[in-house]
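Trainee: Would you mind keeping the following structure in view while I ask a few things?
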Amino acid sequence: MGFFTKYAIYFVCLSCATTALSKDIVDKSNIDFVHYQAEITPNFINKSIDGVVEITFTPQVQNVNYLSFSSEFKRIKSVYFDGKKLSFSVENDLLRVKLPASLKTIKTHSVKMDYSASPTQGMKFYDDHLFTVFHTNKWLISHNDLSDKATFDLSIKHDVTTSAVGNGTLVSRKKVGNTLLVSRWQQNTPIPLYTFDFAVGNFEKQSIDTDSVNISMLYRQEVRSGLSAELIEKAFKDVSDMLLFFESKAGFTLKQGYTYVVVDGSMAQEASGFSLVGEMFVHALQTDKNENWFIAHELAHEWWGNSITSSNFSHFWLNEGLVVFMVDAYKQHLFGEEADKNEMKVAIERVQRAVKENRVAPVAFKMVIRESEINHTMAYSKGALVFYMLREKLGDKLFWQSLKQYSLSYQGQSATTQNLKSSFEEVSQIDLTEFFERWVYGPEIPTLDL
Ligand SMILES: [Zn+2]
């Protein structure tokens, strides 16, 4: 990039202490949850679901003697462990299952639970469509770890007049009686639990054929959404170009197709293999072509977030700051230099507003933080600015080589800030300790003179 950048600095207070120069801390679960098989029947009228879930797991430590899962929003009907019915207790939204004997490591076991749920989080119900969103353990009995990935086999029982979308490949669609269908998907590459999702609704469909995979858009009828087939086609016309752009930067391709489910309101949430995007954003795109961020953002998560996943919330900027930056880089590719600068100006304004309102924190933490402790402005906007500065510091060639090395090294895995730093140092042969201490773990806020 050829324009002058000046780093002006504000000194701000840290809300959380960090230990200088220590390593990132990653906490490991005692149990590896390997595979989920679920059968879900949603009920539009009652805003509820009936579910059966079987979880296959391997203990990572000796003598595991109980399992516990969140039972929030759920009524547990029965629990089976390795095929045998077990008693269980539910207290303070926690399902606790005492195992018949202490488990040894290496051996694989399964726990199967029958339940119903009326989730007011993690799932949204409308009269003509419904979908799950981010907090999987609100609708599915499941463990809750940002980076631990598992495979998923999901069957959804839904009305024959509706369409349904799940993760992975649709393997069967069977009629049950005259009015119901059971659609089943298999996701054979492990994905993060928060991207386990499905959507059901009265959707119309449009498709785009790319050289590699099929891209589809599901959207509500024009009379409900105000979106015609032509409008959808026009809004999503750049998706194949986006796909090529992100594939070239990550160094690996999408293996399965991808679906955008256009839903009521202002949703923008990635699942694996599909995303939920709000009708409001598609309408905004009609009047301003620059408003295509949500299409690029959710697609970019297929690489950064869904495949390469931040190991915990301390490194959430590796999911979000990087994706905001990648969308800006895509806009530069599509619209030219000015578009990239404009996006960075927006990021700076957001960070400066946060400083004024005393909402400040580092971009990443060396200790483990909870989801509620994420500072979204720092993870998204300052995170994107850090990647922008890193690109300026290293130059285009080294920056994109480093990003590709990082992406290929952690494909299908979880990553920490130190992993990213090491990839960039390995390729560039530049010690980035000072840069990361100052801009990522440190309190300074950059102002780029664009
Ligand atoms: Zn995102």
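In case you wondered, yes, glycine gets a Cβ from its N, Cα and C as well.
Just so you know, TrEMBL annotations never went through curation; they're auto-generated.
From a predicted model like this one, the values you see are computed outputs, not experimental measurements.
Positions annotated as active site, proton acceptor by TrEMBL: E298. Annotated active site, proton donor per TrEMBL: Y380, in sequence order. Per TrEMBL, the feature Zn(2+) binding site maps to H297, H301, E320. According to TrEMBL, the domain 'Peptidase M1 membrane alanine aminopeptidase' annotation covers 285-439. Here TrEMBL flags 1-22 as signal peptide.
Quick one: where do these features end up spatially?
Mentor: E298 (active site, proton acceptor) falls within a helical segment according to DSSP.
In this structure, Y380 (active site, proton donor) is part of a helix by DSSP. The 10 Å shell around the Cβ of Y380 (active site, proton donor) contains 25 further Cβ atoms across the protein chains shown.
Annotation for H297 (Zn(2+) binding site): spatial neighbours A268, V323, V324, V327, criterion Cβ-Cβ under 8 Å with sequence separation of six or more.
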Trainee: Near E320 (Zn(2+) binding site), which residues of its chain come within a Cβ-Cβ distance under 8 Å, counting only those 6 or more away in sequence?
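Mentor: Expected: G305, H376, A379, Y380, G383.
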Trainee: Let's check the environment of E298 (active site, proton acceptor): how many other CB atoms sit within 10 Å of its CB?
Mentor: 24
Trainee: What count of other C-beta atoms do you get within 10 angstroms of the C-beta of H301 (Zn(2+) binding site), across all chains shown?
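Mentor: The Cβ of H301 (Zn(2+) binding site) has 25 Cβ neighbours within 10 Å.
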